[in-house]
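The structure that follows is given in the form of structure tokens.
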Ligand code: 6R9
């Protein structure tokens, strides 16, 4: 086991780090024993409040309720922009690196302020008020950040939908949160290919009567259809807008954004985050986990369509007055050297990415890395899925020249910010472990009876008490929040992940214990993919599981039972793949489709996914007990016809 592989804290980094080992230990204890005192001090230190709060925290994990800094008032956009103007108005806020390596742009805090104020006024002109929902369906361009901050400025709740989602998925999300404005672009550009965002939005909006405005940024100048009744060019609206817009004073518990994420059942849930606690933990983790020092260039490669982009491209870094790099493209375009060329071009100090990207680049060979300098790099980070020791090693040695510690950050859309993570100047690393809890986080492992595991051991990962950036509700369905997160283990927040704790108290995430799979760091409910597949008229039943995939971490393996009389064909496989792309998006493409004349079911009709997972993983010698199946012979057929025999 890789446990014995301990990487001590680098002395060079510890010398100037915000948090040292002793400080971590003392502050962590304080954050657990006196949370109110601890968080009140941090809220003063990190944020600027228009009015101080009455109560630091209140929570009830039976009802799934949490309130932080109740009675306090602040505005997120003022905290991310206005308060920096006096000291660093002319400092770069956003470095934008386009898909094409010759395309880039630097935007100062002053310029961001002007753009955000104008856009906030545009939103107001279009009737957007505090509490209204605005959907953002954008490529990775600075306007995406302006859109988020402009919503925050007027008190509107944004709901970003990843640009890779299909019109169908976009429509569902617009309808679920009843957005009245959609902000999009004519086209996106990634890896040299265009993405028809406006055309997708048109298809979605045609089924969303509540949308009164579609604001369109001109990114490529490509042809788009135009509906005068609601389409508005961003540049036209901005040209007429005033650059003067006072931030709306918001309650600490007013909603900031909704972000849809997959669960183990049904449609994606609208995870709702609020203002004060969210911003505090995003800012604080950004500063401490990446040991961000003033003036450093920080680059998180995520897309703003995911929570990582929310907390660690925009809100955390900008609350800290950092220089945040925003990348439009993909790590392999034009070549697999792109990331490291960008690091050299912009003198990046901190680089934060996903294991799937590391594995993909690792497969391209070391030369793409070693041909670049990377001497400015100081800290590396990963997020999204467990990182395998080989990828960790390559990232550490080849990318970081054995000089840069790797922050393996475990957290979720629902947690809003880092929860388990090393701190560069404080915590020794073990490859593959997200190490120890961040301040104020009380992780526990629960056994099969729901009892806390003491000391080293394994179990379901749960959190015992509220943290500032926790999910507040599932938009429009608080009962679903309670059911999903607070019912499995009453009194705890259940993460859906399994984990192991070693003798040093380090946590090792073992993966999801529910029917959620993690494909290239993107969360997907197997139920969502199944719902898409059974829409096909020839499909009677579909069962989807994850299986180990070298690059993606997990691939999508679909077992399909056809209607009586239908014949399997390659053509039909293509149709099924296309259906997943249409209903969800390219990230939901099944990697493997296996025809299954029958599925292993219990006598009560429940599909035994455990068996399907084993067959998909080619672990057919370890199927376990199949005697409770209604018809054990279906398993033999599935084994004989399995697609993964490698
Ligand atoms: C931030 C983000 C959350 C799920 C989570 C877990 C997996 C995330 C991880 C990790 C092992 C890490 N996950 N970070 N597993 N080590 N460092 O990814 O949010 O998209 O909601 O996914 O991702 O399974 O439960 P989200």
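Here the Cβ of each residue, glycine as well, is placed from N, Cα and C on the backbone.
Note that TrEMBL annotation is computational and uncurated.
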Can you tell which of 374, 480, 512 TrEMBL lists as binding ATP with 384, 385, 386, 408, 409, 410, 411, 412, 413, 497, 523?
512
Filter the candidate list 193, 386, 534 of binding-site residues, keeping only entries whose CB is under 6 Å from an atom of ligand 1.
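With ligand 1 as the reference and 6 Å as the Cβ limit, the list reads 386.
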Going by C-alpha positions, which of the binding-site residues (190, 193, 308) is nearest residue 409 (ATP binding site)?
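Closest candidate to residue 409 (ATP binding site), judged by Cα separation, is 308.
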Look up residue 534 (Mg(2+) binding site) in the DSSP assignment and reduce it to helix, strand or coil.
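Note: residue 534 (Mg(2+) binding site) is coil by DSSP, not helix or strand.
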I'd like the Cβ neighbour count for residue 534 (Mg(2+) binding site), meaning other Cβ atoms within 10 Å of its Cβ, all protein chains included.
15
Inside 8 A of the center formed by the CB atoms of 534, 536, 539, which other residues of the chain have their CB, for the recorded Mg(2+) site?
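Here the non-site neighbours turn out to be 533, 535, 537, 538, 540, 541, 542, 560, 576, 579.
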